[in-house]
Structures are given as structure tokens and as C-alpha cells.
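Participant: Okay, so Swiss-Prot annotates it like this:
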type: ACT_SITE; residues: Lys99; note: active site, proton acceptor
type: BINDING; residues: Lys148, Lys174, Asp175, Asp176, Glu177, His265, Gly338, Gly360, Gly361; note: substrate binding site
type: BINDING; residues: Lys174, Asp176, Glu177; note: Mg(2+) binding site
type: MOD_RES; residues: Lys174; note: N6-carboxylysine
Amino acid sequence: MSGIIATYLIHDDSHNLEKKAEQIALGLTIGSWTHLPHLLQEQLKQHKGNVIHVEELAEHEHTNSYLRKKVKRGIIKIEYPLLNFSPDLPAILTTTFGKLSLDGEVKLIDLTFSDGLKKHFPGPKFGIDGIRNLLQVHDRPLLMSIFKGMIGRNIGYLKTQLRDQAIGGVDIVKDDEILFENALTPLTKRIVSGKEVLQSVYETYGHKTLYAVNVTGRTFDLKENAKRAVQAGADILLFNVFAYGLDVLQSLAEDDEIPVPIMAHPAVSGAYSASKLYGISSPLLLGKLLRYAGADFSLFPSPYGSVALEKEEALAISKYLTEDDVFFKKSFSVPSAGIHPGFVPFIIRDFGKDVVINAGGGIHGHPNGAQGGGKAFRTAIDATLQNKPLHEVDDINLHSALQIWGNPSHEVKL
């Protein structure tokens, strides 16, 4: 294979999957075949999309009812020649799913890149090992928390929140994705003030915390804003990838003047991936493509919390982020939304140690504040790694958290 293989889930009311697959392969490449003169067929043969797999799936009555018609479900795979597109994500996505995304019940499930094509993508700059080296934490999951309620608040409020989270043992504190450039907490002031707080906590408590600052603005201003953040001392850049595009992420990741990790937020991605019938699969969008484009971290809905993703999908995202690939470093999985300490055993059981446990209300909503919330999570992480049930741990902060949010992992064993 020298190009790319696209895998689709299709629902076809013509009930002829082979014909539908061939129509897609031709429609996204040379447009027609059977009516072309033989000489022209020979000339265009190297540009033709090739159907390499057609598999019929069991009928879904629920799907038929939803669509109000009877359809045949199937998985098809089509190989697109590298000659047809430039080696960049806009060209690849337009080739494999451009106008097809408008053509009925078709979902892009996966893209398989040839080795030659992979070489055109940067992958994570730091990856899991690089992030762990920055923190000098190698034996446990990382703990991340989120600034909450920052809109309309000043730098003093930010510093207080940041200090409490760092003292609580949090490894990374990130901006809320809806915190943009503003007069009260401008980008560089957040970074400079935040670094002062984190340095003070490190000197006093010996715990290192990194700050992920939200880089925002108009697309053509992003690089300059990112470089300003780096010059001010930013540890990590949080980026709302899908409000801008994967290629914008790649351009940031490839820039040598932006030598910091990038954390990809999934905001807007639901518009692409939420449907079971249309769009792009979550594992491809939030896993493989983010990793290829340069994300060191990928946030996505966990299978447990308030914005739950199906467990199979969440694990598939993580697989794409962390599977061995000689071309790319591994990215951190960050299952998120509604996470509290009682979920820690589930997260470690399902995602392993190389995961970032991300909490907002589960830290800030603790009766002992963010310090108590952070400590409750750290205790839950340590207990889980020792295979000790959380309800048996004698720790006031963890006990308080379990009383508030419950202990659904009561019987979980690693």
C-alpha cells in the first residue's frame, strides 16, 4: 500500500453493498470507469480508488425504525492512491470523506496510512515519556485538574485556585477551554503569575505542577499567541483543535519555536463524531488523527462520568493514542467529564497507568476545598495501585469524597 485505506460503515437502501462501494471508490477518484475508452482506462488506472473489502453486517431494527426505511448495513474498505492527494490532513479528509460526508448514512470509521504517508506527520513532540520526564513521575497515573469559574474573575482568584490545586498534589492544572483572552486574566499575565505560584509551592512542598494555558485567537494569530505564551514560560498549551482544524494543530506542533507539549481539547468534536450513522468515528478523530497531528494529550469523554462515551469507543481512542508505532511517540489518554475519586479504580483498570486522571468538580467540590480534593484523588490512585479497596483506606479526604460522590468501584480488582 502506498496511499491510504478508508474504512466506512454504510447503511444502504439499495441493498447492494458491492455496488455502493464501487460507486464511492469511483466517485471520490476518477468519477467514472466502465464508459471510458480502454486507452483512457489505462491512463487513469493508477488514480482509481480500489474496493478491497466488503462485509455485510447484521440488520438493525432500531436503525431501520430511526431511518424509516430498511437498509443493509456493511463495512467497506477502499484504497486511495497517494498520487491523488497531497500528504496533508485537509487533502486526505477531503479525498476520503469530502462530498461523501453529505451522501446519506455513511460514517468514516478508520484511516490506515502507509508508512510513506506517516512520515509527513509529526506526532507528539514529547509523548508520554517526555511528559513524565518533565514531572519526574514514572510510576503512576498523572492527576490533572481544571480551573473552574474563572470567567469574570481576576488574577488573584486564579492564583488562589492554582495554589490550592498544586498543594493538593495535582500534577497538571489546565485552563477551562472557554477562558479566552480577556482584560482580567490576559494570557501572559496568567502564565507569569501562575509560574510564580507553582514555583513557590515546589519550594515549600517539593511537588511540581505544570500549567496548561489555553492558546486562543484568530487562526492566523495563533502561532504568534503560542510563541508569546512560550516566551512567558508556558509549560503546556491547551488547544481547542476542532474549532480550528487538525492541520492547525499540526502547524503548531511542527514549529520549533513552540517547544512545549500540546493538549488537545475535544470541544466541537461531538458535531463530527456523536452520530452512529454519520460523521467520523471518535477513535479516529480523538485518537489516531490527534496523535498523528501532534497532540501530546487527548481529552475525551470517559465511559463513567457526566458526558459518557461508550466504553468500547473510549478504549479504542486510547488504543490509537498509545499503541506502538515506530513513527510516533505515544500520547496521553485523558478520559474526562464527571470524574470523582470513586472512579479511579475503573480508570486504572481500563486505561492502565499511562493515563491522566482529569477532574473538575471532583476536586473543587470537596468539602476541604481543592487541596482536599487533590489529596483524595492522590490517595485513591495510591490505594488502587496497591490493589486496596477504597473503602478500606483510612484517609479523611478520600472518605469525605466517597461519602459525597459514592464508591462505584467497590468490587473492582486490577
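Sequential numbering from 1, following the chain as shown.
Keep in mind that glycine also has a Cβ here, set from the backbone N, Cα and C atoms.
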Participant: Taking the recorded positions one at a time (Lys99, Lys148, Lys174), which has its Cβ surrounded by the most other Cβ atoms within 10 Å?
Facilitator: Lys174
Participant: Other than Lys174, Asp176, Glu177, which residues of the chain come within 8 Å of the Mg(2+) site, judged by Cβ distance to the Cβ centroid of those residues?
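Facilitator: Everything else in range on the chain: Ile146, Phe147, Asp175, Ile178, Leu179, Ala212, Asn214, Leu238, His265.
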Participant: With Lys148 (substrate binding site) as the reference Cα, tell me which of the recorded positions Lys99, Lys174, Asp176 is the closest one.
Facilitator: Asp176
Participant: Using a 10 Å radius around its CB, how many other CB atoms surround Gly361 (substrate binding site)?
Facilitator: 18
Participant: What same-chain residues, at least 6 away in sequence, bring their CB to under 8 Å of the CB of Asp176 (Mg(2+) binding site)?
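Facilitator: Sequence-distant Cβ neighbours: Ile146, Phe147, Lys148, Met150, Ile151, Asn214.
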Participant: Looking only at C-alpha atoms, tell me how far Gly338 (substrate binding site) is from Lys174 (Mg(2+) binding site), rounded to the nearest Å.
Facilitator: 16
Participant: Of all the binding-site residues given, Asp175, Glu177, which has the fewest Cβ neighbours within 10 Å once its own Cβ is left out?
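Facilitator: Looking at the binding-site residues Asp175, Glu177, the Cβ with the fewest others within 10 Å is that of Glu177.
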